[in-house]
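Just below is one structure, and these are the notes that go with it.
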Amino acid sequence: MTNSISNLELPHSVSLLEKMAAESIENGPFTYVHSGSGNEITLKANIDAFESWQIVPKYLNDVSIRDTSSKILDTTFPNSFALAPVGVQSIFHPEGELASARAAAHYGVPFIASTFTSHSLEEIATHLGDTPRWFQLYWSKDEELAISMVKRAEKAGYSAIVITVDTSLIGNRERDLNNGYSPLKLGKGSANYINDPVFLERFKTRPSSDDKGVIEKIGDVLFNPSLTWEDLRTIKKHTSLPILLKGILHEEDASKAMDYGVDGLIVSNHGGRQLDGCISSLEALPPIADVIQGRMPILLDSGIRRGSDVIKARALGASAVLLGRPFVYGLAIAGEQGVRQVLKNFINDIDTSLALTGCTSMSQVNKSLIRRKK
Ligand code: FNR
């Protein structure tokens, strides 16, 4: 299979996309995207959770004109979803994030760039045009470096900072460990570092992305297990951009986030890639929505595969969702065209699901439309 297919028709279900992706790229990168941590209990729970809730539609409303959009912190999500931050995308396709950014821009789908991308946040921005974008930050052990990345993101038109809180260390991804596969060690996520003035100060000459010294240095500073709630005050001092926390699962943390002046939450377990055995995102959502009471936007990811999943997340209290693995499968199969196809099919599915729920806009989707399976 080649990585660029004209007249492309990709399957509509994620399970078939996954199979096609497995045939399109090597086992190392495929396992990296597809697998979860430990025994993959949480990876599975993310999918099962959506099956344990049922939509109860209400009919005979005129649903001939529909609006699937939602607005979060001044950002319009035309279809109530954004692309989740996914690092090291060049292991799936040589164009990596540039291809997925162009596909997102084609549909106006907001893009969240990871700290750990294969192309710099500035270069990704040029491929997004005026499509809304947020920057996901792994708040580094090197505070000066973290602040420098925030400033660069501001300059390149990113309109919110997403701080991922569930990655104090990298999860125990058994299948990658068994394969001996690590994109970090291959230097595939170095672009934001080797283009950063603070990071470069540590090197006499401009290093390449797979320079051993660079990889070692990134490994040293990338994750920060000593991060605390108090550190949020430092971050807030250095930016006027809104801050969202990604990876919140406990309602007490949701409550703390409000105390610390956070602007939004992303309920997520990193797609089952961090703590295996932790709660699925969808099960974590209702108690968090109860605590927040609409005072800040809540997004959700981990296990979103279909339009009806977006309806369920919305009914249980999320304003919008993030899509992870499915778009990466499109990227692995056929680059920009592959991501475009996945997005097109997902957008249609969301629209159809909204109509069949009996609603004309996402704002009508509420608790009355969902019940837990007995
Ligand atoms: C991720 N995710 C992620 N999250 C993050 O905050 N920063 C990152 O750099 C990455 N990188 C990354 C790489 C790959 C290959 C995957 C699959 C995931 C997690 C991602 O943002 C999101 O939380 C999950 O992918 C959502 O779950 P689904 O949709 O994949 O089930």
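Every residue gets a Cβ built from N, Cα and C, even glycine.
Summarising the annotation, TrEMBL assigns domain 'FMN hydroxy acid dehydrogenase' to 6-374. Summarising the annotation, TrEMBL assigns glyoxylate binding site to Tyr32, Tyr138, Arg173, His270, Arg273. Here TrEMBL flags 85-87, Ser114, Gln136, Thr164, Lys246, Ser268, 301-305, 324-325 as FMN binding site. Summarising the annotation, TrEMBL assigns active site, proton acceptor to His270.
Checking each of the binding-site residues Tyr32, Arg173, His270, Arg273 against Gln136 (FMN binding site) by C-alpha distance, the shortest gap belongs to His270.
The Cα atom of Asp301 (FMN binding site) lies nearest to that of His270, taking the binding-site residues Tyr32, Arg173, His270, Arg273 as the candidates. Shown are the binding-site residues Gly87, Gly303; of these, the residue with the fewest other Cβ atoms within 10 Å is Gly87. Within 10 Å of His270 (glyoxylate binding site), judged by CA to CA distance, lies none of the binding-site residues Gly87, Arg305, Arg325. His270 are the binding-site residues among Tyr138, Arg173, His270, Arg305 whose C-beta comes within less than 6 Å of an atom of ligand 1, given in sequence order. Among the binding-site residues listed (Gly87, Gly303, Arg325), Gly87 has its Cα nearest to the Cα of Tyr138 (glyoxylate binding site). Mapped onto three states, the DSSP output places Arg325 (FMN binding site) in helix. Largest Cα-to-Cα span within the glyoxylate-binding set Tyr32, Tyr138, Arg173, His270, Arg273: 19 Å.
Note: the CA-CA distance between Arg273 (glyoxylate binding site) and Arg325 (FMN binding site) rounds to 12 Å.
Here the C-alpha separation of Arg305 (FMN binding site) and Tyr32 (glyoxylate binding site) works out to 18 Å. Counting only the Cα atoms, the space from Pro85 (FMN binding site) to Tyr32 (glyoxylate binding site) is about 15 angstrom. Secondary structure from DSSP puts His270 (glyoxylate binding site) in a helix. Gly87 (FMN binding site) sits 16 Å from Arg173 (glyoxylate binding site), counting Cα to Cα. Around the Cβ of Asp301 (FMN binding site), a 10 Å sphere holds 27 further Cβ atoms from the protein chains shown.
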